[in-house]
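A.B. asks: Found this in TrEMBL, in case it helps:
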- 1-10: compositional bias 'Basic residues' (COMPBIAS)
- 1-30: region 'Disordered' (REGION)
- 41-66: transmembrane segment (TRANSMEM)
- 179-197: transmembrane segment (TRANSMEM)
- 217-235: transmembrane segment (TRANSMEM)
- 242-260: transmembrane segment (TRANSMEM)
- 266-284: transmembrane segment (TRANSMEM)
- 296-324: transmembrane segment (TRANSMEM)
- 344-362: transmembrane segment (TRANSMEM)
- 416-437: transmembrane segment (TRANSMEM)
- 463-481: transmembrane segment (TRANSMEM)
Amino acid sequence: MTTLRQRRVGKGTEAAEDQPSEETNVKPDGKILSDPTGGKLWNILSITVGGIVAISLGLLTSVYVATLHENDLWFSNIKEVEREISFRTECGLYYSYYKQMIQAASIQQGLHGLVYDNKTESVRTINILERMNVYQEVFLSILYRILPIQQYLEPVYFYIYTLFGLQAVYVIALYVTSWLLSGTWLSGLLAACWYITNRVDTTRVEFTIPLRENWALPFFAVQIAAITYLLRTHLQPVQERLTLLAVFIATFLFSLTWQFNQFMMLIQALALFILDCLDMLPTAKVTWLYIIQISGLLLVCVLQFFNSMILGSLLISFNVSVLITRTIQKNLKKGGFLNRFGKLILHVLLVLCLTLLINKFIKKILNLESDEHIFKFLKAKFGFGATRDFDANLYLCEEAFGLLPLNTFSRLSSTLLFYAYGFVLFLLTVAAVIVAFRNLSGSNEVQLKEKLEEYTVTLKPDAAYSLVHTVLFGCLALSTMRMKYLWTSHMCVFASFGLCSTEVWKLILKCLHLYTSQRTQVIKYSVPIITLLYISFKFWPGIMDELSELREFYDPDTVELMNWIKSNTPNTAVFAGSMQLLAGVKLCTGRTLTNHPHYEDKNLRERTKQIYQIYAKRSPSDVYGILRSFGTDYVILEDSICYERRHSRGCRLRDLLDVANGHIMDGLGENEPDLKPSLYPRFCEEIKKNLPSYTMHFTRVFQNKTFHVYKLAKHK
């Protein structure tokens, strides 16, 4: 098991011009500039300073996470095999393709090895570029080969520095989004500081570097920044076209780098759909965003050799359904409240029914079952019936796919982020409800408009989108902890925007009958400055202590295993074991695998369940037959799985296998009434007794405190 230990000493929608005229030329101190030339100079100076601060914070964040990574592992000092083992589970699998491309005799040979890969899954040839999102590894490896940097920078450092560099892009994008929403770069500064001080809940890049989300989320943040700018009014045609191009590029890169892109963009499409139905966004711009999502995903589909999972995605079916239904219901936004509300209900029902119909048709035509495990997991998670499905339960029992822990909110509250977020969320939600009701009512009464004027200024199209975006992704994070990083980063943007927003403070002061322009400006700048001072004084010492704490990578058992495999097994040997461990075996040794952690393939999921019978109650002849059917030469058993204690009864891997096989689980506790005792003991325990029925098929060739390796006999 990988651990960290203390290091030992001595070891080698609105543009800026859309702001109210009384506040167009206002300094942070609240003084109004009467000279237009002076106002322009102030704006240029403000943009210049804000841009410098954004870039500086982005670079500082990159250095910060890179330093944490170095301090945690002593990465510069450990051996290559230890560096590779530090890329845990699927991270190691993805990095192995970068290493494979670097070590190939030529770029063409490297690409051929990926397109016709027969080492990732034994007795099968698969197309890695079609199955997995690894174009970023391909691009980086080609870049490393053609740039004159081989003598100065090792391949692994080129790789990890690129990921840490993307964190700079991420922070700058969050900064810019908050700046665009509020109109002041002080908001961006606060968003970036919150992102850094809440690092535990906003990113995990320093210890899961090659994870797909660490590639994708910076591009998603850039896309959101571009959408925020696009939703401003009075954009020039050239500005709008360039912004649409930026949205498309960011959407394409986001889709290319993460297999779960379609689900994230589906939530984004739902946000656009809700706001369009409530007449809070310009329909033409929403249509362009639907088209960009579809075209970006289809381009990725082409690059991934027409990956069927993309073609069968709910996102494409939903967006197409919305566009078709809109052409049918042309008068959707006309009439009184009851008339429009009825049309809206019908519109929603038509879109949902058409989405399901199109999606089911596509999946039937393509015989698509790659993502069925996700829907089984969702069905079981939200209480639509218990399941004994092994794949669904494998997700249900992982903490990362459980509900968001309550201690998350205490950590976010300690930086004042959650308090500010809740404050802004409540205000804008109330404003959104009022504006939505007014839009659906279609009333043109002057009295009503005057009554609602103070609310409408706080809900421009870009703010409305940010509100619905954060609500929907908040629901996702609350239901699935692993997805919290999509929410918490935008939480920083949303909270900082609200605290620095003229419209928000103007609304509050008008409700309290205390509004003046000068008072609004004072509060708008003083509240975020006080918040920044509080964060600095409270968390700066902790950050310094964190940066000074030195540890080192320590996993001697895994290192010993990998060195033994490289030294004592042929290059063509096929290994079976847990998905997580085999990813490391491929990266460190280059041996062929029976299964791996990239789970988005039905055949692989079935294969993995069969391989995992080594931890079930099966006869030695059954296990031997299963392993040999996949060409296995060696099987690795892990005590941490065989005698697992991390999960409670019912969620241990051996329990999931027992239930799936119809066997009673080990230990005290209840069992389903139809489960029966197995005729055989647990394989991973019984094989260690060296009984004749086991030794005739399996010979132990390696063992240490953690791993046991058995060589399979080759019977005729």
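Here the Cβ of each residue, glycine as well, is placed from N, Cα and C on the backbone.
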A.B. asks: When you scan the chain for residues with a C-beta under 8 Å from the transmembrane segment (266-284), skipping those not six or more beyond its ends, what do you find?
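C.D. replies: Residues packing against the transmembrane segment (266-284) from afar: 13, 231, 290, 293, 313-315, 318-319, 322, 332-333, 344, 347-348, 351, 432, 435-436, 439-440, 459, 461, 464-465, 468-469, 472-473, 476.
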A.B. asks: Among 217-235, 242-260, 296-324, 416-437, point out the range having the most Cβ pairs under 8 angstroms from the transmembrane segment (344-362).
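C.D. replies: Looking at each of 217-235, 242-260, 296-324, 416-437 in turn, the most contacts to the transmembrane segment (344-362) are made by 296-324.
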A.B. asks: Can you tell me which parts of the same chain pack against the transmembrane segment (463-481), counting only residues 6+ beyond its ends and a CB-CB cutoff under 8 A?
C.D. replies: 13, 177, 181, 224, 227-228, 231, 267-268, 270-272, 274-275, 280-281, 381-382, 399-405, 425, 428-429, 432, 435, 487-488, 490-491, 493-494, 497, 501, 503
A.B. asks: What same-chain residues lie close to the transmembrane segment (41-66): Cβ under 8 Å, and 6 or more beyond its ends?
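C.D. replies: Same-chain residues near the transmembrane segment (41-66) but 6 or more away: 16, 25, 27, 33, 160-161, 164-165, 167-172, 175-176, 179, 185, 188-189, 192-193, 195-196, 199, 203, 205-206, 543, 547.
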A.B. asks: Could you check if the transmembrane segment (296-324) is in contact with the transmembrane segment (416-437), meaning 3+ Cβ pairs under 8 Å among residue pairs at least 6 apart in sequence?
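C.D. replies: Touching, no - the transmembrane segment (296-324) and the transmembrane segment (416-437) miss the threshold of 3 or more Cβ pairs under 8 Å.
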